[in-house]
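What TrEMBL says about this protein:
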- 99-279: domain 'ABC transmembrane type-1' (DOMAIN)
- 9-28: transmembrane segment (TRANSMEM)
- 107-125: transmembrane segment (TRANSMEM)
- 163-182: transmembrane segment (TRANSMEM)
- 228-250: transmembrane segment (TRANSMEM)
- 256-275: transmembrane segment (TRANSMEM)
Amino acid sequence: MKKPMSPHAPLIVSIAVAMLIVVVWFLGSAKPKQVPHYATPQQKEYAILVGDLSEDGKTIPDKPSDFPTPAKFAKLVWTQLSDPFYDKGPNNKGIGLQLGYSLGRVLVGYLLAVLVALPLGYLIGISPLLSKVLTPYIQLLKPISPLAWMPIALYTIKDSNLSAIFVIFICSLWPMLMNTAFGISNVRKEWINVAATLEVKPMRKAFQIMLPAAAPAIITGMRISMGIAWLVIVAAEMLVGGTGIGYYLWNQWNNLSLGNVIFAVLIIGVVGMLLDMAFVRLQKAVSYVE
């Protein structure tokens with residue numbers, strides 16, 4: 001008979017994996033640098049000029065493009081998080097401001113998708129005719145990559161910020177729409193028949209019977225949409241530039257600052273995880289018991 005697993009076992013294993021990653025990182029990034037041999041004084045002078053060699057000609061200076069050690073990365077993270085909202089110009093803003101721009105775009109585009117997807121999905125779910133009419137169009141548009149809409153949005157809207165919001169709207173729309181229609185169409189027929197027998201008004205029927213019964217499916221669609229929206233905004237901001245966490249990441253790459261690139265990637269992952277955890281809690285809160 002197997003012994004029950006300790007409740008602390010997952011935490012211990014997670015910490016061990018994290019420590020292993022740090023050790024591998026340290027070993028991979030702490031290799032000693034060998035000063036290259038330059039055949040002529042001119043080559044050595046050029047190396048000093050471009051920063052490949054220190055001014056004394058005996059050591060190789062640390063460069064932003066070098067892969068940081070865990071200690072240097074921890075120092076970088078502390079520096080960034082100690083003042084996340086600084087603004088020193090269009091290309092030099094803190095990570096907090098950049099996250100704010102991205103989350104703002106995601107929120108606006110996502111809420112617009114909610115306002116369209118939930119009512120339309122409800123109508124598709126209760127109307128077989130509307131479902132047959134709209135399903136071919138949905139199946140045609142749903143597989144299109146959200147970023148494929150960016151050139152059209154930029155041409156028609158002529159505003160990079162609004163274009164990014166439009167792309168978020170498009171990518172968030174389909175999972176919510178399909179899941180809402182699926183949830184509504186699968187509400188038990190007995191409940192619908194009882195509501196019809198009791199002559200329940202349409203609005204009361206929608207908010208007291210149909211939507212509560214379909215809530216788990218709807219929240220699942222909203223969770224999927226939020227995950228896709230957060231993925232897409234990073235790529236969209238890389239394309240349109242200006243502000244946002246995607247632009248920040250791309251700008252740091254152009255500056256060959258690998259430490260800041262890694263920091264941005266981790267921040268993107270943490271924010272995405274927190275958004276998903278919020279929807280997990282929401283799913284548990286709206287679980288419908290028959």
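A Cβ is built for glycine as well, from the same backbone N, Cα and C atoms used for every other residue.
Keep in mind it's a predicted model, so treat the numbers as computed, not measured.
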Point to revise | Long-range Cβ neighbours of the transmembrane segment (9-28) (under 8 Å; 6 or more residues past either end) | key: 67, 69-70
Check your understanding: By a Cβ-Cβ criterion of under 8 Å, what residues six or more beyond either terminus of the transmembrane segment (163-182) are in contact with it?
Key -> 105-106, 108-110, 112-114, 116-118, 120-122, 124-125, 131, 138, 141-142, 146-147, 149-150, 153-154, 157, 214, 217-218, 220-222, 224-226, 228-229, 232-233, 236-237, 240, 244
